[in-house]
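**Student:** Here it is, the structure in full.
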Amino acid sequence: MVFLILCLGNIGPEYADTRHNVGFMVGDWLARKQEAAPWQLGRHAFTTEFKHKGRRFVLVKPTTYMNLSGKAAAHWLSILKIEKDQLLVVTDDLALPFGKLRLKAKGSAGGQNGLKHIQETLGTDEYARLRFGIDSSFGKGRQVDYVLSPFSEDEQIDLDGRLEKAGEAVLAFGMQGVERAMNVVNVKEA
């Protein structure tokens, strides 16, 4: 069975270590941990893949920038000839404390423009998403600066452990299905 893991972020070195790119960070962590092939530039995305216990995981980092992520989602679902229930989108979430994970089978975009574009492009909100908390410690009118800034020194100390938990959540999605994985991921302390 094949799973498309769409890791949201923005391309370019200026965005590499920013909060908004935590989806890319999860993808990079998984690729390293699973000893995936080097990332390759394909249509609308960088991709790599690995097998885990007989399941194929295709990691995709869109090159369309966050707000046009639906292009990559639609293209790679079509190329892989898989259904939306085999798609997991990994993204940042301001509403969750740093490192807290929330796995959902479907739902609103919650103000996240990448999810909004995916929903518009696919014509549904019925696809799984793994939200990685980036907190909301910013002043009025500072949201853009906050999400496009690096994690704090304290957060960076814990970041690798949090990325590991997110990577485990991705594997649980592929191995157990979204409903069973939700029962594990959403009750764990982040």
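All positions are counted from 1 along the displayed chain.
Any Cβ shown, glycine's included, is placed from N, Cα and C.
From TrEMBL, for reference:
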SITE      N10  site 'Discriminates between blocked and unblocked aminoacyl-tRNA'
BINDING   Y15, Y65, N67, N113  tRNA binding site
ACT_SITE  H20  active site, proton acceptor
SITE      D92  site 'Stabilizes the basic form of H active site to accept a proton'
**Student:** What same-chain residues, at least 6 away in sequence, bring their CB to under 8 Å of the CB of N10 (site 'Discriminates between blocked and unblocked aminoacyl-tRNA')?
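**Tutor:** Result: T18, H20, N21, Y65, M66.
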**Student:** Are there any residues at least 6 positions away along the chain from N67 (tRNA binding site) with a Cβ closer than 8 Å to its Cβ? List them or say none.
**Tutor:** N113, G114, H117
**Student:** Return the residues near D92 (site 'Stabilizes the basic form of H active site to accept a proton') by Cβ distance under 8 Å, restricted to its own chain and a separation of at least 6 in sequence.
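**Tutor:** D92 (site 'Stabilizes the basic form of H active site to accept a proton') has long-range Cβ partners L8, R19, H20, N21, V22, G23, Q112, R131, F132, G133, I134, V147.
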**Student:** For Y15 (tRNA binding site), what residues in its own chain, 6 or more apart in sequence, show a Cβ-Cβ distance under 8 Å?
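**Tutor:** Within the chain, Y15 (tRNA binding site) has Cβ neighbours under 8 Å at G9, N21, L148.
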**Student:** Taking DSSP three-state, what's D92 (site 'Stabilizes the basic form of H active site to accept a proton') in: helix, strand or coil?
**Tutor:** strand
**Student:** Within 10 Å of the Cβ of the residue listed as 'active site, proton acceptor', how many other Cβ atoms can be counted across all chains shown?
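**Tutor:** Taking every protein chain into account, the count is 22.
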**Student:** Provide the number of Cβ atoms within 10 Å of the Cβ of N113 (tRNA binding site), excluding the reference atom itself.
**Tutor:** 15
**Student:** For the recorded tRNA site formed by Y15, Y65, N67, N113, name the remaining residues of the chain with Cβ within 8 Å of the site's Cβ center, in chain order.
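**Tutor:** Everything else in range on the chain: N10, H20, T64, M66, L68, S69, G114.
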**Student:** Give me the largest Cα to Cα distance among Y15, Y65, N67, N113, the residues the record lists as binding tRNA, in Å as a whole number.
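**Tutor:** Answer in Å: the longest Cα-Cα distance is 16.
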**Student:** Starting from the Cβ of Y65 (tRNA binding site), draw a 10 Å sphere and report how many other Cβ atoms land inside it.
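**Tutor:** Taking all protein chains shown, Y65 (tRNA binding site) has 17 Cβ neighbours within 10 Å.
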